[in-house]
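What TrEMBL records for ASP112 is active site, nucleophile. Sequence annotations record features per position, and here TrEMBL assigns Mg(2+) binding site to ASP112, ASP366. The feature active site, proton donor is assigned by TrEMBL to ASP114. Positions annotated as GMP binding site by TrEMBL: ASP114.
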Amino acid sequence: MNGQNCCKDRHNCGPTKILPANHNPVAAAVTSHRHQIVGKNRGEESLTKSGRAFSSTAPQINNKTYLWARYNEMKRLVHDLIPPGVCNLLNPSTIYANNEVNLEEVDIYGFDYDYTLALYSSALDEMIYNKAREFLVQHYKYPEEISKYDYIPNFAARGLHYDIQKGLLMKIDAFHYIQLGTVYRGLKPVPDDEVMKLYGGSNHVPLHQVSGFYGKGPKMKQFMDVFSIPEMTLLAAANDYFISNDIEYDPEHLYKDVSDAIGMVHIKGYMYKWIMQDLEKYILRGDETYAVLHRLASQGKKLFLITNSPFSFVNVLIPNPELPLCNLQWDRIKTLEKGQIYKQGNLVDFLKLTGWRGSKVFYFGDHLYSDLADLMLRHGWRTGAIVPELEMETKVVNTEQYAQGLTWLQALTGLLERMQMYRDPESKKVLQEWLKEREELRAVTKNLFNPHFGSIFRTCHNPTYFSRRLCRFSDLYMASISCLLNYDLSYTFYPRRTPLQHEAPLWMDQLCTGCMKTPFLEEMAHIR
């Protein structure tokens, strides 16, 4: 009566509340049941707990029972919240926006080559690893026993940091904290307490002191491209050999030798020879890449390619009969002409010769530093990052195990935050059990992506350092260049307005901004 709701025992529970359509049902489930708190067994005395009135005629419930009741209720609610089919919503062909981009304003498209126009299969990683390992043994005279260390697929992940002086491979988050549980010396994880001791009692790393803007050292190296996967694996294997055999060695010299051995595979042309001998084995989505270039050219867009791969290699993969034979001429270059091939040079001269500046130019590459950073920060080009790992990670996110696990992890974290004021001994035991379960859930979620280092985008709840750079240096990012086939060339990409910590989640960002499906997937299917 009079806008009041009553319980079955006719006690007033407060005014009726109409929930907005975008309310958070998990949070609401906890607050809507606070009127159930009961009081002491002393007459009909009206008592108050957490600002709510209740009758003392009901039996008292201790804090431990109350906490577990909230826990079980939340778990049931989380299970009911995830409807059928919700776990297959993300499309791996989606292009994701960090910044608003209108393709209609773009006149010029530029591309890196390796892992941008040309996507390589994982079989190439093993070939690079094997040849570099051979160089270590034969050229640098490392022990023959290192040859017994076979390549380990999916051991390393892009974006990891390597402590050159300590010989440690690790994942660091956007706030420069090491994710404990992801530090490896050789092929074995380093215990958390040892990591803390190694870094002065903290898992924070002052990257501004130990690594430059481009992540190249002198003390800490960040591996940012896909080519670095076999290098990290070989570093881990070589470190493991010396540690396992109790052989004293210098981690800094080992790092340099492995880096040089990997470089020799490229410099001596082995990689190019393998690929050209078996294009079907090593090249992925070649037809789709050609379709992208053809579509852009047919709609009047200017195209250019910048790569450190040799012309003879590039021309095999993307043959163009209009291109001339690559005869080197030592003439001063005053203008760049369509259909010509130019060697060496630098970005400053390229910009002077073309006059291409600002958002009319869109450049795509896979290396956030060497391909994209300067172009965005200094010259105002639009940039697109190619992140092949997105395809696999999207598949994981689309699984029921991930959706259920992550939703319960978030709900449990919310329970811990709201119930931490219960500090009696029994309640503390309950909260400790919840904290232990939270850590176990984090480990399970991490292992779904990579059992050693987890997702390349997250360290538990924080973005990785790689993610931070990805957002900073790219307007758009996608799994492959072929994702462009799903959008017309006048499409505008809008970034999701995900709420900041101090903002209320008043919008359904995923449903409203196209991350659930690509808008022209069916219409563009014929291009593929």
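Placed from the backbone N, Cα and C atoms, the Cβ positions cover glycine too.
Caution: TrEMBL annotation is automatic and unverified by curators.
Rounded to a whole number, the distance between the Cα atoms of ASP114 (active site, proton donor) and ASP366 (Mg(2+) binding site) is 8 Å.
Other Cβ atoms within 10 Å of the Cβ of ASP366 (Mg(2+) binding site) number 24 in total over all chains. Non-local contacts of ASP112 (active site, nucleophile) by the CB criterion (under 8 A, 6+ apart in sequence, same chain) comprise LEU305, ILE306, THR307, TYR363, PHE364, GLY365, ASP366, HIS367, ASP371, ILE386.
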